[in-house]
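Per TrEMBL, the features are as follows:
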ACT_SITE  ASP291  active site, proton acceptor
ACT_SITE  ARG293  active site, nucleophile
BINDING   ARG214, MET215, HIS216, SER217, ALA218, GLN235, GLU257, GLY258, ARG259, THR279, THR314, LYS319  GTP binding site
BINDING   CYS219, CYS230, CYS232  Zn(2+) binding site
DOMAIN    168-333  domain 'GTP cyclohydrolase II'
Amino acid sequence: MYHIERAIFDIRRGLPVVVKAGDQQLLVQALEGIESVNELARLSGSRPSLVLTRHRLESMGVSITADAAYLPLAAQVDERALYALAVAQVEQYDSPALLSGLQPAGMGERGAVALMRRALLIPAALIAVVSGSAADDIAQRLATGELLEVDASDAEACLAGAPGMLKRVSEARIPLEDAVDSRFVLFREPDGLREHVAVVIGRPEAHNEAVPLRMHSACLTGDLFGSLRCDCGEQLRNAVADIEAMGGGVLLYLAQEGRGIGLANKLRAYTLQDGGLDTVDADQVLGFGDDERDYAVAVDMLHALDISRVQLLTNNPLKMRALREGGIKVVARQALYGRLNDHNHRYLNAKATRAGHFLEDVLSNQR
Ligand SMILES: Nc1nc2c(ncn2[C@@H]2O[C@H](COP(=O)(O)OP(=O)(O)OP(=O)(O)O)[C@@H](O)[C@H]2O)c(=O)[nH]1
Ligand SMILES: [Zn+2]
């Protein structure tokens, strides 16, 4: 774990790391921010390949069964064209010839992409097998700590976090406008990369039957600035008021910005949406699935707060399923709406039609 988190910092800074897969060493670097593919080739002693996710390839009309595939790169490669190959809208890069050399990803390539995802970068990686005389140079850089090496299986597992290992770090009384008797309890994931907050409103333990619960994924633009592109800010405030009115409960504020893809990618996705894509397709163009969130951390927080039966405030069927799978009894669901406006109606429609959210009541008002 320790090595993985340091590797993620290096990846985010644009540095290469070594991923060890069996007896092979791969030099791995994020596509995002790469200045020179040739420099990676020189360091590794071999020609790099570009690893793309299944979702990205599907958005280009290529279907594969593996989670990712890699494309060996020609000797002369333009970094900007490569970047476009990983994130630009489909029509521009519908080039079967270019993609004909695709190979299904092995453990090393899958580990490389997992590191990019956990680092909240575009999920596209450059990899090059360490070979020939470069191996001595790499070994020396590893020995001096200039380069880090991680195991491919550890890299692949990093997305799952470390269930059961969440740390309860600190807490304080924070009176809220809509719920004066509130406490913020902060939890930190064991690798130190993400923090989540449980807002405990009133006395949830007084509910014998089921605790009112909101699991809210962070949305900087909506929650903090009142963006009209989504319904998050209003849902957040309504949730606090509803929980207070229900006699207390818990709001889990989860560090899952952009359905787990991070703020940088969400902004990219918004720009793609301005080009005509819906919220699900835009994420897919960037290489992500419909919803990248994992609620294991929420289940851990509920365990830490001694909550096992809930009344969930959501319109999202996936959240209910995730809690049930985590052993939390979802006794009832309560709808939670934000207002429909000219800027968010496409987004809310897509949530209903593409992701099965229960939004009929809101959307039926639009006519
Ligand atoms: N990738 C992406 N994320 C978005 C977009 N619009 C909003 N989001 C994110 O979607 C998430 C919405 O979180 P929630 O409101 O907790 O959940 P939900 O899936 O809408 O389900 P509810 O419980 O019914 O509200 C937040 O993390 C937002 O940042 C978008 O267009 N693209
Ligand atoms: Zn939002």
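A Cβ is built for glycine as well, from the same backbone N, Cα and C atoms used for every other residue.
Please treat TrEMBL annotations as automatic predictions, because they have not gone through curation.
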Next on the checklist: Filtering ALA218, CYS219, CYS230, CYS232, ARG259, THR314 (binding-site residues) by proximity to ligand 2: which pass a Cβ cutoff of under 6 Å to any of its atoms?
Outcome noted: CYS219, CYS230, CYS232
Next on the checklist: Given the recorded positions ARG259, ASP291, ARG293, find the one whose Cα is closest in space to the Cα of CYS219 (Zn(2+) binding site).
Outcome noted: ARG259
Item to check | Cα-to-Cα gap, ARG293 (active site, nucleophile) vs ARG259 (GTP binding site), nearest whole Å | outcome: 6
Checklist entry - Across the listed GTP-binding residues, ARG214, MET215, HIS216, SER217, ALA218, GLN235, GLU257, GLY258, ARG259, THR279, THR314, LYS319, what is the farthest Cα to Cα distance, given in whole Å? => result 23
Checklist entry - From ARG214, ASP291, ARG293, which recorded positions have a C-beta atom under 6 Å away from some atom of ligand 1? => result none
Checklist entry - Whole-number Å distance between the CA of GLU257 (GTP binding site) and the CA of CYS232 (Zn(2+) binding site)? => result 11
Checklist entry - How big is the gap, in Å, between the Cα of ALA218 (GTP binding site) and that of CYS230 (Zn(2+) binding site), rounded to a whole number? => result 12
Checklist outcome for this item: Residues lining the Zn(2+) site besides CYS219, CYS230, CYS232 (CB within 8 A of their CB center) are THR221, GLY222, ASP223, SER227, ARG229, ASP231, GLY233, GLN235
Checklist entry - Taking the Cα atoms as reference points, how far is the residue listed as 'active site, proton acceptor' from CYS230 (Zn(2+) binding site) in Å? => result 16
Next on the checklist: In whole Å, how far does the CA atom of ARG259 (GTP binding site) lie from that of CYS232 (Zn(2+) binding site)?
Outcome noted: 12
Next on the checklist: Using a 10 Å radius around each Cβ and all protein chains in view, which of these recorded positions has the most neighbours: ARG214, ARG293?
Outcome noted: ARG214
Checklist entry - If you average pLDDT over the domain 'GTP cyclohydrolase II' (168-333), what do you get? => result 96
Checklist entry - If you measure HIS216 (GTP binding site) to CYS232 (Zn(2+) binding site) at Cα, how many Å is it? => result 8
